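Q: TrEMBL lists these features:
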- 5-454: domain 'Aldehyde dehydrogenase' (DOMAIN)
- GLU234: active site (ACT_SITE)
- CYS268: active site (ACT_SITE)
Amino acid sequence: MTELVSTNPATDEVVAVLPVHTDEQVRAIVAQAREAAVWWRAQGYDGRRTALLAWKRHIVRHRGELVELMHRENGKPRIDATLELMLAIEHIDWNAKKAGKVLAPEKRKPGFLLANFSARVEHVPFGVVGVIGPWNYPIFTPNGSIATALAAGNTVVFKPSEHTPAIGRWYVEAFAAANPEAPVGVLSLITGYGETGAALCRAGVDKLAFTGSAATGSKVMAACAETLVPVVMELGGKDAAIVAADADIKAAADAIAFGAMANSGQTCVGIERVYVEAGVRDEFLAELTTAVSGIAPGSGPKASYGPMTMPSQIGIVRRHVEDAIASGGTAVVGGPESIGERYIAPVVILDPAHSSSAIQEETFGPTLTVTTVDSLDEAVKLANDVPFGLAGAVFSRGHAAEIVEQLDTSQISVNSVLGFAGMAALPLGGRGQSGFGRIHGPEGLREFTRTRAVATQKYPIPGVRLLSFGRAGWLNRFLPRLLGWLHGR
Ligand code: NDP
């Protein structure tokens, strides 16, 4: 196939036709990005800040166009597209303004032996960063890597998902429109299917940032391993919310309903499991049922969320729901009948087996399991007992800190859901099947640089030529004693 046709998941109407870039074309685009990297790096933090803020303003001024495109190509309601965009814009702004400070050279102590030296660490951009992104948050998610990598001084070649390539093209073209003086290649687009992503791994990039499923992530790592290209992996999740008996139950149910169902549940840090203490289980279920009953998918202005963006995901959601019920779970909201050809209405299943796929695998749909537990220790144990470790939520008035301490995830919201994703200063990443490396915040900026240690001799010490074959005999006799004196006592 030489063309990529993207369609509206609500209507199948064609949204855009884009090229499928060949391996050769991908290499050429990466080579162009390498040339542009010289110019981009020479802009320094101030120049890059100006360019990134101009890009930000351009996106915001033309947001109507972008939001409409996000609604058509991804299917999400316009207000959800606007919210996604707001979060992404926060990240561009933060990175543009903070990169210079976060990545400033750091002085280090040279130590006793080399006291006549000065020492510093510099944070140097890699050069060209390849970014492969998913479709669920087609701006926010890739932007987490792209804005960070650009602010750190890299140029970027971006491959959006085959389901949202026109959104990716709009975002990349906005950079050029806002920065007409920039050479081609500071931020470039390649489009196509999985093979185009694989080609990017092999096209000479200096680092690869991947966001997507664990299965594809391991393929990307294997391709990058051929040439030792370092990777950052932002993969899937199976996030749990723990509801303690002392929580504000109504508020917890309201937040969890949003965390689970928003964006049709197609959120890597969405809530897919709840562990609730037995004493408040019935109250929580009643509040959750009320919160969920007002939620309806659709394409119109009143829709709470849109269609499933990727049709093949519907089969996975169906399998998980059926498996949860077959394993002993009870459908308390919806059930297999909630799963349509494009839309899935909310499903809540009580007490499925811990081994069921609805508990152990990423569902990525508007479904939620609720498991009754006898204690918070049991809740933590079950919450941690999955292959993923991305994020989670804790609802408690008095026990939040102790639960946070024990949860084996990298992001946690307390008495809320998803809060960390909206804070540009906080890092985001996973462990286990949720990946490794960090995007967002100072940790994200450092992820897109390598360190360069610089040791400068400020003045020679007469007679003490430690790093020389001309070292004096007395010094050779003194060194063993010095070692014992310094470290042997
Ligand atoms: P996929 O893993 O299916 O695809 C991700 C990207 O990889 C797409 O651009 C895809 O291209 C591309 N790709 C596919 N095959 C290859 C290959 N062999 N080599 C290189 N690239 C390839 O994920 P989805 O798009 O379905 O996204 C959903 C997943 O992303 C979920 O698991 C979700 O949890 C995760 N995610 C994680 C986030 C995080 O920050 N941790 C944030 C958001 C999502 P194409 O689409 O053209 O096939």
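Heads up, the Cβ atoms here are built off N, Cα and C, so glycines get one too.
Caution: TrEMBL annotation is automatic and unverified by curators.
Quick caveat, the model's predicted, so the values are computed rather than measured.
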Q: Let me check the 10 A CB neighbour count of CYS268 (active site). How many other CB atoms are there?
A: 27
Q: To the nearest whole angstrom, state the Cα distance for the pair GLU234 (active site) and CYS268 (active site).
A: 9
Q: Taking the Cβ of GLU234 (active site) as the centre, how many other Cβ atoms fall within a 10 Å radius?
A: 28
Q: Let me know the DSSP-derived helix, strand or coil state of CYS268 (active site), please.
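A: Once the DSSP labels are grouped into three classes, CYS268 (active site) ends up as coil.
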